[in-house]
Amino acid sequence: MTKYVFVTGGVVSSLGKGIAAASLAAILESRGLKVTLLKLDPYINVDPGTMSPFQHGEVFVTEDGAETDLDLGHYERFISTKMRKANNFTTGQIYESVIRKERRGDYLGKTVQVIPHITNEIQAFIERGAASATCGEPDVAIVEIGGTVGDIESLPFLEAARQMSLRLGRNSACFVHLTLVPYVATAGELKTKPTQHSVQKLREIGILPHVLLCRADRRIPDDESKKISMFSNVPEDAVISVWDADSIYKIPQMLHDQGLDRIICEELKLSPKDADLSMWSALVEKLENPKQEVTIGMVGKYVDLTESYKSLIEALRHASIHTSTKVNIEYIDSEELETNGVDSLKHLDAVLVPGGFGRRGTEGKIAAVRYARESKVPYLGICLGMQLAVIEFARDVVGLKQANSTEFDPDTPERVVALITEWYDREGKVETRTEESDLGGTMRLGSQRCPIKPGTMAEEIYGKDVNERHRHRYEVNNRFVPQLEAGGLIISARTPSEDLPEMMELPRSMHPWFVGVQFHPEFTSTPRDGHPLFRSFVEAALANKQARGVQA
């Protein structure tokens, strides 16, 4: 039978519940347990797919095509279990499901209320999510409840967790509470009062945490831990200090050293083998001792909030581990390139243009593409970054001066990039879209496998085929492909059913390393294995740096 660990947060948001939950999962997996994770989001949106990156950060796409919270990306990077749509749900989905049932008459004329109907539905979603784990029936399901204790939006989820722990019985569920212990510089001390009040709030609704994870900018002294223990009624050895680390991959060892996994296993009456965190130690060792260094420019419009590119940043970090290279990322606002030109790119070893939406900043990104192509600087374009690379090539090499995407200019006569109106999903079902379709949940989403053209750089990187995740509405228009190919551009991968261009590149006679991909390879990169595309990109940046050094 699956046992549950509920992870809650207090005092403020953005303390790192997702990292804490994923780190605990990594330790338990290293002890031989089958583990899955779920994220419960209290907002009323059905999913984060239409939310601004400034509001929500990155939207992580699962293999089965769900648009989910960025924490699911952390989950997949820390454990081997793949996430699915059932691993993330929102208040919006819960209410949508309950209202559908009410309309069908499933409640037999009863008054539908938050308790028991909403809380029962939350419990059903949790158990369904755990049961659908790709690892088979999990030994432990770690359930991260979004928001902060005390928020009105989180109350139904906390109540559902309380009811569920009572229903499952002793040693079947436990609670881990992550809270802030701020350092007040003027007083020169850590303050435990916010943590005391946060635990008090939990106790008011009937939840007694078994473990406290105390976030601070430094390790919490023993006397402060004793005070927290006394006022929160949590054993002193279960008051665990979680201080700021320069790498998230150090957190599993930090938590294990303080006995978190031992406490959880004792509470849940589990007797697994000892933890083996040697893989994590080796990763950290490689990360901290690089043999070389490169600087990569990431040109986007969400650069003030790097959470928007969380998986991409981690994928570059994974490549740094597997190439023994320190990767410095410079975030470059594409709108500034429109105003000030591309001089700020000239010291870079490589240029990356990530995915994005909307017209704002696109001409700055196109300027970055042109600079990379003409200066023979390694270029990687992801999703929109590939589309803009094709547009730049069409304009400046092929001579289609009005080439554009219908996303930015619906009236352009040279629709090099246009809306996909029909495609097959990963199950082979035909999906159709029009300009009038809803925005939510109407993109091409999820994994799809497609063959790679022999003799290409794509084949050198991936092999005979590629299986990556997608999140896009627009696609390179096949009507213009013959002209693009005549100019030298190579379409190196296409979807098998609809013949949609998936990868493009320039031949080495034109450029040493210039690649665009319509999919999002960052979603499948892990610290354990890295990713072949990002590894190749970093190696190309190294080669460019060395070549420039020889010339200098």
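Placement of Cβ uses the backbone N, Cα and C atoms for every residue, glycine included.
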Further CTP ligand in Swiss-Prot, beside Ser13, Asp151, Ile152, Glu153, Lys191, Thr192, Lys193, Pro194, Thr195, Gln196, within candidate set Lys110, Lys226, Lys227: Lys227
According to Swiss-Prot, which candidate in Glu335, Glu336, Glu407 joins Gly356, Leu384, Gly385, Met386, Gln387, Arg473 at the L-glutamine site: Glu407
Swiss-Prot annotation, ATP site containing Ser14, Leu15, Gly16, Lys17, Gly18, Ile19 - matching residue among Asp64, Asp69, Asp71, Asp106: Asp71
For the binding-site residues Leu15, Leu384, the one whose C-beta sees the most other C-beta atoms within 10 angstroms: Leu384
Among Ile19, Ile152, Cys383, Met386, the one of these recorded positions whose Cβ has the fewest neighbouring Cβ atoms within 10 Å: Ile152
Sequence-distant neighbours of Lys193 (CTP binding site) in its chain (C-beta under 8 A, six or more apart): none
Cβ neighbours of His520 (active site) where a neighbour is any other Cβ within 10 Å: 22
Residue among the binding-site residues Lys17, Lys191, Lys227, Arg473 whose Cβ has the most other Cβ atoms within 10 Å: Lys17
Secondary-structure category, per DSSP, in which Glu144 (Mg(2+) binding site) falls: strand
Listed binding-site residues among Leu15, Lys17, Asp71, Gly356 whose Cα sits within 10 Å of Thr192 (UTP binding site): none
